[in-house]
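Colleague: Can you keep this structure in mind? I'll have questions shortly.
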Amino acid sequence: KFSDHEERLSGSDREEDEDDVEAALKKEVGQIRASTEQKLRRFQSVESGANNVVFIRTQGIEPDNLVHHILKDMHTTKKKKTRVILRMLPISGTCKAFMEDMKKYTETFFEPWFKAPNKGTFQIVYKARNNSHMSREEVIKELAGIVGSLNPENKVDLNNPQYTVVVEIIKTVCCLSVVRDYVLFRKYNLQEVVKSNKEDAQQKSSPTEEQNSEVVEAETEEKSSKEVKEENK
């Protein structure tokens, strides 16, 4: 037998336990909903692991079509719609940044564009960040060979290709995409694609800061070497 006081205490404890269970369930349901909503978001930022590089994961949207639409609009309207983004590149596939992994992956990845009866002219552009074990020449040679093996009628065109194979190495990850109008859209540079033909011609006629800095570096090195020779004499 329990006294009234003991019964009141035990009833209170049971209510607190029920409250704790209910709170825990609500918390778990909230976490599941938040996780589901995050997965269903159309755009989600992902850590890239490299400075000045941002990944945006898309849901239900083809990245190559999205980026091509944005660049086409900017190229047509000549309206600058961003101040801080330099380039926007779609990433349609990823694999480990090792030659054997890349060869195996691209044999299937390239098929929609280059496997017979599909064909086209192409070029391969390569950039590596925070990675020193990959060879640019080897990567381009091997991937070009794979494109050629899918259809011998695929030809290299470095001036105005139908397709550009973009290879971006970031640490140990290889990011791949096959894009259109790479030359027309100024290498997918958002700052350059909005420039008029007149502005572009003026920029080409005058040396850029980067070119000037290269000249200064060359002159500095030449002077330094002359000074060293004179000191040796």
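Cβ from N, Cα, C; glycine included.
Predicted automatically and left uncurated, TrEMBL annotations should be read as such.
So TrEMBL lists these for the protein:
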type     : residues : note
COMPBIAS : 1-13     : compositional bias 'Basic and acidic residues'
REGION   : 1-22     : region 'Disordered'
DOMAIN   : 73-180   : domain 'THUMP'
REGION   : 196-233  : region 'Disordered'
COMPBIAS : 221-233  : compositional bias 'Basic and acidic residues'
Colleague: Using DSSP, how many residues in the domain 'THUMP' (73-180) fall into helix, strand and coil?
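Modeller: Across the domain 'THUMP' (73-180), the residues distribute as 35 helix, 31 strand, 42 coil.
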Colleague: Given the model, what does the mean pLDDT over the domain 'THUMP' (73-180) come out as?
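Modeller: Its mean pLDDT is 95.
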